[in-house]
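Summarising the annotation, TrEMBL assigns K(+) binding site to A:Thr111, A:Thr112, A:Ile220, A:Gly221, A:Thr318, A:Ala319, A:Asn435, A:Leu436. Positions annotated as transmembrane segment by TrEMBL: A:7-31, A:37-57, A:69-91, A:136-163, A:184-203, A:236-255, A:276-297, A:335-364, A:396-417, A:456-481.
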2 protein chains.
Amino acid sequence: MQYGTIIRILGLLVSLFSVTMLPPALVSLIYGDGGGLAFVVAFIFTLITGLAFWYPHRQEKADLRAKEGFLIVVLFWTVLATFGSLPFALLDQPQMSITDSLFESFSSLTTTGATVIEGLDFMPKAVLFYRAQLQWLGGMGIIVLAVAILPILGVGGMQLYRAEIPGPVKDSKMTPRIADTAKHLWYIYLSLTVACSFAYWLAGMNLFDAVCHAFSTIAIGGFSNYDANIGHFNSTAVNIICVVFLWISALNFSLHYSAVSGRNIRNYFKDPECKAFFTIQFVLVTICFLVLVKYSVYDSAEVTLDQALFQAVSISATAGFTTTDFSAWPSFLPILLIFSSFIGGCAGSTAGGLKVIRVLLLFIQGKREVDRLIHPKAVYSVKLGERAIPSRVVEAVWGFFAAYAVVFVVIMIGLIGTGLDNITAFSATAAALNNLGPGLGSVAGTYAQVSDAGKWLLMTAMLFGRLEIFSLLVLFSPAFWRS
Amino acid sequence: MQYGTIIRILGLLVSLFSVTMLPPALVSLIYGDGGGLAFVVAFIFTLITGLAFWYPHRQEKADLRAKEGFLIVVLFWTVLATFGSLPFALLDQPQMSITDSLFESFSSLTTTGATVIEGLDFMPKAVLFYRAQLQWLGGMGIIVLAVAILPILGVGGMQLYRAEIPGPVKDSKMTPRIADTAKHLWYIYLSLTVACSFAYWLAGMNLFDAVCHAFSTIAIGGFSNYDANIGHFNSTAVNIICVVFLWISALNFSLHYSAVSGRNIRNYFKDPECKAFFTIQFVLVTICFLVLVKYSVYDSAEVTLDQALFQAVSISATAGFTTTDFSAWPSFLPILLIFSSFIGGCAGSTAGGLKVIRVLLLFIQGKREVDRLIHPKAVYSVKLGERAIPSRVVEAVWGFFAAYAVVFVVIMIGLIGTGLDNITAFSATAAALNNLGPGLGSVAGTYAQVSDAGKWLLMTAMLFGRLEIFSLLVLFSPAFWRS
Ligand SMILES: [K+]
Ligand SMILES: [K+]
């Protein structure tokens with residue numbers, strides 16, 4: 001293991017990350033909310049620590065293998081989330097324990113959006129800005145992870161998106177390629193954020209709210225500046241803007257890249273994952289609408305459609321924004337929406353869940369198994385559109401699916417062990433693992449009432465979900481640590 | 001589709017099945033409980049109907065393909081369960097609706113053991129005998145299905161147990177082979193039942209109870225003659241006998257066959273599935289014991305061990321016998337046991353669930369995926385013991401796993417739609433699909449309070465579980481019905 005190189009890279013990342021604590025300090029200065037000192041202290045501490053790790057190893061640039069790639073990916077999220085918790089721990093308002101600070105930071109950076117802070121409406125602006133910005137940064141990290149890094153590492157069948165053959169990855173080739181891809185993706189990411197901010201502002205939000213909510217929308221994070229979340233604005237325009245930008249953010253950013261680079265805008269319509277995603281969205285919104293009408297939950301058809309559209313999209317795309325208490329919706333709707341978050345958005349997006357492409361592959365292969373039973377002698381290959389999928393990819397997707405289920409069951413049983421009731425534990429595990437945010441039962445609002453042990457389990461689940469299970473799971477294999 | 005031949009076979013099966021209504025009539029005569037007429041009427045009607053179907057087609061003996069095999073398997077369970085519901089519908093005591101009669105019959109014949117009858121202690125002996133006997137007959141059917149038929153049809157990776165290459169199956173070859181295998185298996189099944197009856201009788205049960213409970217033990221069915229189930233006897237000896245015979249019945253009957261035929265008793269110790277099964281059993285009993293001790297649920301360590309052993313084995317092996325209200329056990333134990341029923345017993349046994357061999361294969365392949373990520377260039381095959389598993393089998397197992405999950409989610413959402421609360425719907429679906437029996441919440445005891453729509457959904461789940469999903473699923477494929 002090339003520890004020197006790993007420490008160099010992490011030191012550099014931590015140093016860069018420290019700079020992101022300055023904008024909240026500036027916000028604090030502008031609004032005079034008294035939270036500025038915590039951010040400045042956290043900035044200085046983070047910067048110095050980062051540099052202290054980087055400096056002794058600044059010359060170490062060894063070639064990296066897949067192993068080092070996994071370690072860097074896991075450390076990227078854990079180390080940054082740990083430093084990211086510093087401002088929360090240092091702040092006078094809100095007063096937060098170490099566990100709560102870490103929970104809020106992990107939840108932000110993984111774009112889960114589960115919160116332990118109650119009374120958001122009265123929080124310092126700097127804190128609200130910092131949370132939204134953490135989600136946004138997490139989203140940037142995920143885009144690069146999902147589009148550029150996981151395909152190279154071959155996690156959960158994502159080699160599907162890779163041109164290269166499997167094998168060791170040379171740092172000398174990998175770093176520039178990742179950096180180049182990242183630059184293009186972030187440009188799109190930033191443009192979308194600006195466009196979303198502008199749209200929110202036009203719809204009546206003030207500039208601060210518009211920027212914060214654009215951050216958490218494009219990151220599919222789900223944080224809001226208000227306890228009532230997006231429901232605070234009580235505006236159909238805001239809801240529709242949110243839905244549209246969630247849809248855009250839940251698509252594979254590679255598609256956006258090919259559209260922007262002028263190569264092909266028709267890719268959206270040809271992409272099987274994109275088509276499946278919108279089919280699922282349409283079905284979910286329709287079901288929610290019909291059931292809400294049947295139970296006469298809202299006064300008019302317009303309000304019903306507004307709420308059905310917003311909640312179905314927000315939960316199934318794993319944003320976790322709320323305009324209404326969907327956990328109190330009638331019949332099977334709360335459970336249906338929680339289940340839908342297991343599918344989530346498209347690969348290469350900021351959404352969580354298993355990802356549409358994987359569910360689509362499982363569906364196609366399930367169909368093939370039925371065909372095989374009917375015609376045992378025929379030879380069937382798994383095809384996605386016109387593309388035959390190598391069996392290695394299909395196997396990796398199945399492995400991902402099973403590992404997801406096992407992690408889910410273990411975390412859920414653990415949570416019940418900490419004293420949560422069954423349905424709260426079930427939905428909290430789903431909400432954390434799918435990087436969704438809100439659950440049902442006693443975690444329909446905040447996670448403040450969950451025990452410390454429960455919060456640690458949920459942080460683990462968030463990390464498993466965000467790192468597509470296997471990036472984290474490989475670290476538990478003894479073979480990983482053998483030289 | 002060779003409908004003539006299919007009708008001939010079914011007509012014959014129904015005629016044979018009618019004879020099984022005579023023993024309960026005899027029981028009724030012995031005990032003078034007044035239920036005899038219903039069984040005689042049902043016998044005559046079933047016999048005549050069966051013969052009426054068989055007679056016009058008695059000469060039709062066309063070769064059968066896989067398709068006809070699936071149709072016969074599905075019709076075997078649905079048609080026999082429908083005729084099997086006649087006595088319930090005809091009886092004065094208990095008074096049962098058509099839906100309830102069908103539910104009880106499907107639940108019996110699939111060895112699920114969910115009941116809608118309340119007040120078992122005061123039921124006519126004939127009814128109690130008939131229910132237990134239906135489970136026992138269902139168990140006989142399952143043994144043949146799992147050991148002789150599913151491997152030929154290649155359902156859910158069970159071609160693993162088949163020597164032949166995939167391809168069309170000639171009736172001329174298939175029927176004698178299945179008949180021969182069945183004869184040997186039933187001999188073992190019968191011997192185990194006699195041994196179990198004798199053991200129960202020695203432990204203090206009267207002869208009637210001993211036979212009925214042996215029926216439902218060897219079939220891993222879970223029916224008892226008392227509302228308090230096995231808890232009625234309040235006997236550690238009975239509990240231990242039940243546990244031992246459940247273990248025997250949850251093993252692959254092919255292993256018993258090779259032991260009985262004197263070929264090799266060491267197969268038990270060499271079989272990876274058998275070893276995994278007992279490892280899981282040991283872990284579950286230990287966890288239950290420790291948690292029960294921690295929460296001081298029972299007065300002494302002996303009682304705690306007795307209850308932990310009995311409930312852990314009964315639920316995880318999908319028997320569903322109860323000595324205590326395990327749904328009221330503390331912390332995560334109820335959910336853990338419900339989850340454990342998803343694993344169930346070994347393939348080729350009377351147990352339900354995914355089956356240990358499949359879970360083991362998924363585990364081994366999950367491990368391979370991790371190894372592949374660490375050493376992308378190495379070539380790994382999936383091995384069970386010393387045997388390499390063909391990728392086609394592994395794919396079929398994955399398909400089975402995914403289909404299981406989809407059926408689970410659809411039925412559970414449907415049940416919530418009929419008005420059940422989330423945890424009742426979750427556990428009822430698991431209890432039906434895994435052919436377990438009792439659930440949590442309002443189905444911890446009987447299913448009497450579930451709506452008719454809910455009962456139909458649960459019958460569907462039982463059938464899906466018992467027919468290993470795909471045997472039923474293929475019938476929904478348009479390709480199946482094309483000539
Ligand atoms: K989220
Ligand atoms: K059972």
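Cβ atoms here come from the backbone N, Cα and C positions, even for glycine.
Curation does not apply to TrEMBL; its annotations are automatic.
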Shell list (K(+); ref centroid = CB of A:Thr111, A:Thr112, A:Ile220, A:Gly221, A:Thr318, A:Ala319, A:Asn435, A:Leu436; cutoff 8 A): A:Thr110, A:Gly113, A:Ala219, A:Gly222, A:Gly320, A:Thr350, A:Ala351, A:Gly352, A:Asn434, A:Gly437
Sequence-remote partners of the transmembrane segment (A:37-57) [C-beta within less than 8 Å, at least six residues beyond its ends]: 4-5, 7-8, 10-19, 21-22, 24-25, 28, 83, 86-87, 90-92, 126, 130
Recorded stretch that, among A:7-31, A:184-203, A:276-297, A:335-364, A:456-481, has the most CB pairs under 8 Å to the transmembrane segment (A:396-417): A:456-481
Under 8 Å by Cβ from A:Ile220 (K(+) binding site), counting only residues of that chain that are 6 or more apart: A:Thr111, A:Gly139, A:Leu246, A:Ser249, A:Ala250, A:Ala317, A:Thr318, A:Ala319, A:Gly345, A:Ser349, A:Thr350, A:Ala351, A:Gly352, A:Asn435
Cβ neighbours within the same chain of A:Gly221 (K(+) binding site) - under 8 Å, at least six residues apart: A:Ser108, A:Thr111, A:Thr112, A:Gly113, A:Ala132, A:Gln135, A:Trp136, A:Gly138, A:Gly139, A:Phe215, A:Ala319, A:Gly320, A:Thr350, A:Gly437
Close approaches to the transmembrane segment (A:69-91) from elsewhere in its chain (Cβ under 8 angstroms; 6 or more beyond its ends): 1, 6, 9-10, 13-14, 17-18, 21, 24, 35, 37-39, 41-42, 45-46, 49, 98, 100-102, 104-106, 108-110, 124, 127, 130, 134, 141, 145, 149, 152-153, 169, 174, 463, 466-467, 471-472, 474-475, 480
When counting Cβ pairs under 8 Å to the transmembrane segment (A:335-364), the leader among A:7-31, A:236-255, A:276-297: A:236-255
Of A:Thr112, A:Asn435 (the binding-site residues), the residue whose Cβ has the fewest other Cβ atoms within 10 Å: A:Asn435
Cβ-Cβ neighbours of A:Leu436 (K(+) binding site) (radius 10 Å): 35
Chain residues outside the transmembrane segment (A:276-297) and at least six past its termini with a C-beta under 8 angstroms from it: 247, 250-251, 304-305, 307-309, 311-313, 316-317, 329-333, 336-337, 340, 343, 345-346, 356-357, 359-360
